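*Asks:* I am attaching a structure below and will ask some questions about it afterwards.
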């Protein structure tokens, strides 16, 4: 025992050491430690972020330099604090506090002393900077907007957060990334790739030369400019008209699926989220839970579509052969569901499909809807067919457009009603509201615009998209260049479009005609409810309008949804009419119409639910 | 003299010399790497640490020749004198000592600083061997045990106030010589038990330790009672003493220890459960260990290559050329390098055990064991600390770490033994 004691200890120690070393060097080792290594510092070379142009080549988003005053506390020499503070435009106390904070963070590493100087301050400061040791000016690149429109669709950029860092190893603390809209969707294209230089450091953070003689260094890759499908003038004009109103507008070029404008009201000036006031503005916008300016209603609001949905029901009925354009249905100033009469504003009498559309007769489409279901033995079968047709218009599911957010809308199927009413405990009477676009159906404005484009194209659509060119080259994304056909045969569209055109000539929108242009459209008036102190309360109807023009060679299909705008031809109809004229003619001939839209606001409507008092809805004041 | 010179070349244990040369050589390469700057590539540049170490290697070589040239029995004869001189030198530090990095362990000799404790190790090993090998000494007698302990305790008492707890531990390691020579092993057993109890009490608390011991005793009592015939009473006494010891651990740890000691244990045994506080400890007192562990880890299996260690170049590991030299091996030579060094030390120590055991002369054997004990404790504590399995105790890695006194001390220590070994066949001459 005593002879082998030391030998055993020596061998055991050896085994323990080898074990620990293999744990450290073989099991814990991860080969890619260059960035974790405190001895190696990566210095990044950021390429300029790509510009964004509109469809006509007008600049929308560019970059502007911003100048941060940086300080390295260890290198600061005694200085004339008062003069320096004067130059920086800050208080002496503030200056001292910031300097102390920087020193606490690190005496050796640079900290920001003053964020984003204005160009004037920068010019004044620059020449005197040499006098102040330990301070220097760092240039940063910020977004610069040539327009005050399109905040939601363009999106904004902001510093990466912990989640971004965890999700994407490309980013480093303090870098910027697209947060919403186009900036987010085309982040990688716009951003480019930063270049990197690895520098060997010692523990005092001093450079002691390039790491591995620069073998791992990379050059920056420039961000690419993009051209989007938006029309700057139309976007700006639309937002002007939306002042004081809430809602969403989407216009699409039917021939290509290009999104001409995407408007959400209320909106904000995109420049608010740039520069020194950014965080204050951001909280103000973000926490406005009543008007929600950062909530993009054009792709996120899901109201019931209202009467424009009647057109689709007509198309389905024609396709299924349960009506033809001359089929007549009588309107009793309403229609009966069981013994209760549901109202209609069309005036009553015998309706054909044509007058059913342009007078927006509820009875006619309730009848049509029943006929579709009556064709089949069971409601389930009818439901399946109806659902299939509706979904072929891009409703009830994500459209697949190139923006980072969206909603499905809703085309209820049999599973939905089985869940609500119980298995087979419902019939077409239960779901009759869908005939007139009320009830369970729901669609986002972009889905309505796309549906309108499919009608304008007489049976097909292109997936709506926002990108037109990347780096000067037209996009060739098959998803956006392939026709998507609806399940309705092309010949059924003409009589329906005829009805839609007559909406303008003798129907619900005859005051909104544009001289010299044939328009086809459809009004919608959507009942809606909210909860006030837990009580379900009806609010003034939403105003909805879809239209395309010119009828025989459609250049624009548009959907306008105005919250609490009352009936369809009121706000939505006016705005749609003005936008179509603006886009097709370039200027507005009906100045009185324009003036009315620019002046009218709906703030009084939006204030009603918060007033705490009884209020009337659907008032006929105009 | 001429005759003995020839016979020494033949009889010296060349295998040990080879291990020695390899360790010193690898050590120097790593010192070179950890103190290297691009503008001074000359390896003999005396303004650079690696140049100085080269000089120390040369001095050590001269020392080897002198040691081998002297008569073998002179070491036994002068052992007491060496010991007394060493103790006087240690004592003299209290008056003439120079303080470097908080420890008054050096004499300033103008050209270089001498650390007498490095030589006291050798002298104590010699003195202990001499005392134990004396015909009148019987290790079984408690009085002789006491004298032997005294030989070890005097330098311990002298180095602790410097403060140099590392060297104190090294002197203590010489008890292994006594175990080899017949000191009953239960001493060691009790010491080991006390250390384990100390650690377990800190980690799990007295209650769990009590439960653990009860279980252990219960098992032994139930299954081995008949074969071992252990009476019940001593077991109970043992149990009570163990619990008492465990209870006193808490007291000593919280009342006698200072915060920095407690922090070291907190870090070592991962006692601190609050991650924020643990991170704080890691940054402050655990900084060296953390950095050296990271440097070793970043070397991976093959290492980053000679002079390519980024953490080494950046001087991230403090004291890297002295106590933390092994982290340079880890970063630049990877697992291959560290394993090679561990195996080299293991083989060398085992070879020394073999050499000691073949000595016919008791003095030589005991001195051999002294050499092994001293080298082993250095190697164990140093690498254990650098790879993060032992608490921080400043102690150099033999033959590796930068430092003239250290290198010279270890060389003299080893080669006196090799000289004795070479003489084992004609000890009567």
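Using the three backbone atoms N, Cα and C, a Cβ is placed for every residue, glycine included.
In TrEMBL, annotation is done automatically, which means it is predicted and not curated.
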*Asks:* Can you say which of B:53-70, B:125-142 is given as transmembrane segment in TrEMBL?
*Replies:* B:53-70
*Asks:* Please identify the range among B:145-161, B:162-178 that TrEMBL labels transmembrane segment.
*Replies:* B:145-161
*Asks:* In terms of Cβ proximity under 8 Å, which residues at least six beyond the ends of the transmembrane segment (B:145-161) contact it?
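*Replies:* For the transmembrane segment (B:145-161), the sequence-distant neighbours (Cβ-Cβ under 8 Å, at least 6 residues beyond its ends) are 83, 86-87, 90-91, 93-94, 105, 117, 120, 124, 127-128, 131-132, 137, 139, 167-168, 171-172, 174-175, 178, 183.
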*Asks:* To the transmembrane segment (B:192-223), which of B:82-107, B:230-253, B:333-354, B:366-393 is linked by the most Cβ pairs under 8 Å?
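*Replies:* Going through each listed stretch, the top one turns out to be B:230-253.
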*Asks:* Determine which recorded stretch among B:12-33, B:82-107, B:333-354 has the most C-beta pairs below 8 angstroms with the transmembrane segment (B:53-70).
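*Replies:* Result: B:12-33.
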*Asks:* Six or more residues beyond either end and a Cβ under 8 Å away: which residues meet both conditions relative to the transmembrane segment (B:333-354)?
*Replies:* 13, 15-16, 19-20, 22-23, 26, 296, 299-304, 306, 326, 368, 371-372, 375-376, 379, 383, 400, 417
